[in-house]
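K.L.:
One structure is given below, represented as structure tokens, and several questions about it will come after.
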Amino acid sequence: MTTGGKNTFYIHTFGCQMNQADSATITSLLQQAGYVAAESEDRAGIILLNTCAVRENAVDRIEHYLQHLQGLKKRDKRLIVGILGCIPQHQREEMFATSPAIDLLAGPDTYRTLPQLIEQARSGAKPFSLDFNVAETYEGIDPVRQGSISAFVPVMRGCNNMCAYCVVPFTRGRERSHPFRAVMGEVQKLVASGYSEITLLGQNVNSYDDPEQGVNFAALLDAVSCAAPQARVRFTTSHPKDISGELVRTIANRPNICNHIHLPVQSGSTATLGRMNRGHTIEEYLEKIALIRSLLPGVTLSTDIIAGFCGEQEEDHQASLELLSTLRFDSAYMFYYSTRPGTFAARTLVDDVPEVVKKRRLQEIIDLQNTISGELFQQAIGSVVEVLAESESKRSAEQLMGRTPGNRAVVFDREGYRPGDLVRVLITAATSATLTGRPV
């Protein structure tokens with residue numbers, strides 16, 4: 001049984017950094033309405049799941065968790081359970097039927113209505129608010145963040161790219177950029193609060209545009225870098241079509257902009273990219289990588305790869321392996337394709353690659369990328385890197401964990417340092433995912 005009062009709430013956040021940023025906004029909205037954040041779900045009268053619909057396994061995780069919440073509601077009938085984010089936006093008709101535990105639904109553009117939805121749910125209704133609002137950027141809301149070292153700052157919401165496999169345009173709507181002055185106001189608050197790292201967020205972050213101020217993403221990134229000279233500045237996620245010489249030169253010219261770019265490619269086959277509606281060829285992607293590496297010596301690159309997309313032949317898969325071998329990304333998010341209802345692929349393409357083949361191809365991709373990552377990380381042994389300490393290591397309270405400007409995870413001996421410190425670390429060992437060292 002939960003022990004919190006009826007106006008206490010707890011948010012479980014699933015999925016991407018944008019969801020984490022949204023949860024900070026939701027917390028602020030609810031606190032302004034008189035609700036109190038609980039430290040754990042067993043101390044909350046309201047439990048909210050901020051969900052992700054990008055992949056099938058993410059949806060499965062939510063459905064499994066709802067079984068747990070149904071058990072809690074049987075013991076405490078006053079408990080309110082809300083499903084927020086991308087899943088209800090995408091699957092409204094199915095959501096209430098999924099579990100009797102669900103009391104309310106809210107989509108990414110309607111979090112301002114949560115106080116009213118909660119009160120309606122208490123009266124026995126099953127309310128939902130899932131309208132798209134192309135004007136909603138949650139301007140004027142001060143997010144309530146967890147921690148005081150790294151902060152996510154959404155600069156745009158939604159996506160116009162309509163990749164065939166992707167549900168984001170159907171869950172987060174059309175692109176809309178936050179006003180330049182609002183972004184800079186948020187950054188200035190973070191600087192005044194002493195944050196050490198600021199990450200600019202968007203589903204398609206480098207298509208940012210504030211036409212009233214004449215500010216594109218390169219100009220925004222430059223302005224943020226100048227406004228926060230003592231902080232590291234990052235951004236994610238980029239689309240290859242929006243990588244420009246202006247943007248890369250901005251990164252090169254500003255020492256506090258991290259020397260790391262996450263640039264999803266999804267497949268090494270131009271034919272597969274065409275079916276995916278990615279809007280570029282492999283040759284064009286390679287040109288972008290060449291531009292980046294020519295202007296940013298030592299840059300670390302990461303990517304996304306999907307195995308087994310509709311119509312993928314063995315030669316397409318081999319092209320993906322060849323691409324990984326050629327470009328040698330530092331790391332990659334690797335998945336096999338799962339159909340998302342409502343997408344172009346679900347409506348018009350045939351999911352014709354057998355699951356056993358998808359899994360085999362994915363494993364080959366993972367094995368190759370792990371080998372490449374391991375080789376790259378081994379090359380770092382003996383070097384000294386600057387690490388922003390983020391937290392205690394999961395291994396030991398005598399160690400801290402942090403990241404390099406290139407986004408490599410480093411575990412190092414504590415030696416009196418604290419989270420938030422910038423530490424020069426001599427790398428003494430490496431795996432394919434983590435560097436280990438000692439302060440110097």
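Quick reminder: no glycine exception, Cβ is built from N, Cα and C everywhere.
According to Swiss-Prot, the protein has these features:
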- CYS16, CYS52, CYS86: [4Fe-4S] cluster 1 binding site (BINDING)
- CYS159, CYS163, CYS166: [4Fe-4S] cluster 2 binding site (BINDING)
- 7-123: domain 'MTTase N-terminal' (DOMAIN)
- 145-375: domain 'Radical SAM core' (DOMAIN)
- 378-440: domain 'TRAM' (DOMAIN)
K.L.:
Taking all residues of the domain 'TRAM' (378-440) together, what is their mean pLDDT?
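P.N.:
The answer is 97, the mean pLDDT of the model over that range.
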K.L.:
In whole Å, how far does the CA atom of CYS159 ([4Fe-4S] cluster 2 binding site) lie from that of CYS86 ([4Fe-4S] cluster 1 binding site)?
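P.N.:
Distance between the two Cα atoms comes out at 13 Å.
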K.L.:
In the three-state scheme derived from DSSP, which category covers CYS166 ([4Fe-4S] cluster 2 binding site)?
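P.N.:
It is coil.
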K.L.:
My understanding is the cutoff is Cβ-Cβ under 8 Å with a sequence separation of 6 or more in the same chain; which residues meet that for CYS163 ([4Fe-4S] cluster 2 binding site)?
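P.N.:
GLN266, MET276, ASN277, ARG278 - these are the non-local Cβ neighbours of CYS163 ([4Fe-4S] cluster 2 binding site), listed in sequence order.
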K.L.:
Just to be sure I understand, if DSSP states are collapsed into helix, strand and coil, how many residues of the domain 'MTTase N-terminal' (7-123) fall in each?
P.N.:
63 helix, 23 strand, 31 coil
K.L.:
Between CYS86 ([4Fe-4S] cluster 1 binding site) and CYS166 ([4Fe-4S] cluster 2 binding site), how far is it from one CA atom to the other, in Å?
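P.N.:
Roughly 12 Å, rounded to the nearest whole number.
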K.L.:
Just how many other Cβ atoms lie inside 10 Å of the Cβ on CYS166 ([4Fe-4S] cluster 2 binding site)?
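P.N.:
Its Cβ shell of radius 10 Å holds 21 other Cβ atoms.
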K.L.:
Among the binding-site residues CYS16, CYS52, CYS86, CYS159, which residue has the largest number of other Cβ atoms within 10 Å of its own Cβ?
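P.N.:
Comparing the binding-site residues CYS16, CYS52, CYS86, CYS159, the most crowded Cβ belongs to CYS86.
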K.L.:
Do you know offhand how many angstrom separate CYS16 ([4Fe-4S] cluster 1 binding site) and CYS166 ([4Fe-4S] cluster 2 binding site) by C-alpha?
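P.N.:
Here the two Cα atoms lie 14 Å apart.
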K.L.:
Reported in the order helix, strand, coil, what are the DSSP residue counts of the domain 'TRAM' (378-440)?
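P.N.:
Helix (H, G, I), strand (E, B), coil: 1 helix, 34 strand, 28 coil.
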K.L.:
Other residues near the [4Fe-4S] cluster 1 site, CB within 8 A of the CB centroid of CYS16, CYS52, CYS86?
P.N.:
PHE14, GLY15, MET18, ASN19, THR51, ALA53, VAL54, ALA58, GLY85, THR171
K.L.:
Can you list, in sequence order, the residues of the same chain other than CYS159, CYS163, CYS166 whose CB lies within 8 Å of the CB centroid of the [4Fe-4S] cluster 2 site?
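P.N.:
Everything else in range on the chain: ASN161, MET162, TYR165, VAL167, VAL168, PRO169, GLN203, ASN204.
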K.L.:
Could you round the CA separation between CYS166 ([4Fe-4S] cluster 2 binding site) and CYS52 ([4Fe-4S] cluster 1 binding site) to a whole angstrom and send it over?
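P.N.:
Rounded to the nearest whole number, the Cα-Cα distance is 12 Å.
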